[in-house]
Amino acid sequence: MSIQTDDFSEQRVIAATPASANEEAIERALRPKQLDEYVGQEKIRGQLEIFITAARQRREALDHTLLFGPPGLGKTTLAHIIAREMGVNLRQTSGPVLERAGDLAALLTNLEANDVLFIDEIHRLSPVVEEILYPALEDYQIDIMIGEGPAARSVRLDLQPFTLVGATTRAGMLTNPLRDRFGIVARLEFYTPLELTRIVTRSSSLLNAPIDEDGAFEIAKRSRGTPRIANRLLRRVRDYAEVKGNGDITKAMADAALVMLDVDPVGFDVMDRKLLEAVLFKFNGGPVGLDNLAAAIGEERDTIEDVLEPYLIQQGFLQRTPRGRIATPVAYAHFGVTAPQTGPNGELWGGQ
């Protein structure tokens, strides 16, 4: 019996993307509503607090804002917080949904003064829709075509001032003209275990799941620096604690639940180990090209780049080089394998 790798990757308990519509609904219930409730991303939060306060005092729309970074770090949450802090409405859509210029025009013409338009996956906007967006962002105007053939004519419509908040995991795929029209650009970073501990503690309170600090930290340190994963693991650990114990989440209870879920102490699951083992044992530590690596583990190259690699690189287990991916000494140590004295390129580890 064959296993579809796409289905398998979607079922990962430590996947940074929402697993279902039900999970998205739970996420909405757990989201902070205001900046002072938002944990982590201190630099971005401080900047937004100043920019939002200034825009509110001037009674102007906030500058167009681009939020980028790996999935699950809070881009959608920040978009909702921006709208709430500005005291305006939020209209939400995504790049793939806006197939025709008319789809975007309908959204823009229904915005009220200073409203927030949130476009997720903005890097996937079609070129036709993107062209319509440029004058809307700069001049709050759009040009639409009325009629067809020789009788067709262009009509310019004035829009209310608004704020576009774009979110993307692939900032490099944005066109330069679109990127240049954002006045505020913020990169979201992975969270520290202490920040995630605060998030887990807050979420457990909202879920009425008793948890101690050690239990929260045990979940946090295995959450790959990602709040979405932390909240998902918390819900699974809560289930385990209610069935196997009295419902209280302690360090021992959290550890037992996470072992059952096959999430190891650094947050790796079978897919992470599969990737690192391929680099270490199939390709002798690398360098290995992305296409070869994708074929070796049966995953799409986009999944490797967007989902698997960011955390492995950030934690120092994997390194990107011009010649391909290579395993670091940290990866060798994690699997209990002696690292070679020289790197895969024949250079000493740690050398220039």
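Each residue, glycine too, has its Cβ placed from N, Cα and C.
Listed features, source Swiss-Prot:
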type	residues	note
REGION	5-191	region 'Large ATPase domain (RuvB-L)'
BINDING	LEU30, ARG31, GLY72, LYS75, THR76, THR77, GLU138, ASP139, TYR140, ARG181, TYR191, ARG228	ATP binding site
BINDING	THR76	Mg(2+) binding site
REGION	192-262	region 'Small ATPAse domain (RuvB-S)'
REGION	265-352	region 'Head domain (RuvB-H)'
BINDING	ARG301, ARG320, ARG325	DNA binding site
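Overlay of Swiss-Prot feature records on the structure.
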residue	record	Cβ within 10 Å
LEU30	ATP binding site	18
GLY72	ATP binding site	28
THR76	ATP binding site	22
GLU138	ATP binding site	10
TYR140	ATP binding site	16
TYR191	ATP binding site	25
ARG301	DNA binding site	13
ARG320	DNA binding site	14
ARG325	DNA binding site	26
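Ranking the binding-site residues GLY72, THR76, GLU138, TYR140, TYR191 by Cα distance from ARG301 (DNA binding site) puts GLY72 first. It is 42 Å from the Cα atom of TYR140 (ATP binding site) to that of ARG320 (DNA binding site). Sequence-ordered, the extra residues of this chain that approach the DNA site, with Cβ no more than 8 Å from the Cβ center of ARG301, ARG320, ARG325, are VAL288, GLY289, LEU290, LEU293, ILE304, GLU305, GLU309, LEU318, GLY324.
Helix, strand and coil residue tallies for the region 'Head domain (RuvB-H)' (265-352), in that order: 41 helix, 11 strand, 36 coil [DSSP]. Here the CA atom of GLY72 (ATP binding site) lies 24 Å from the CA atom of ARG325 (DNA binding site). Cα separation, TYR191 (ATP binding site) to ARG320 (DNA binding site), rounded: 22 Å. Whole-number maximum of the Cα to Cα distances across the DNA-binding residues ARG301, ARG320, ARG325: 14 angstrom.
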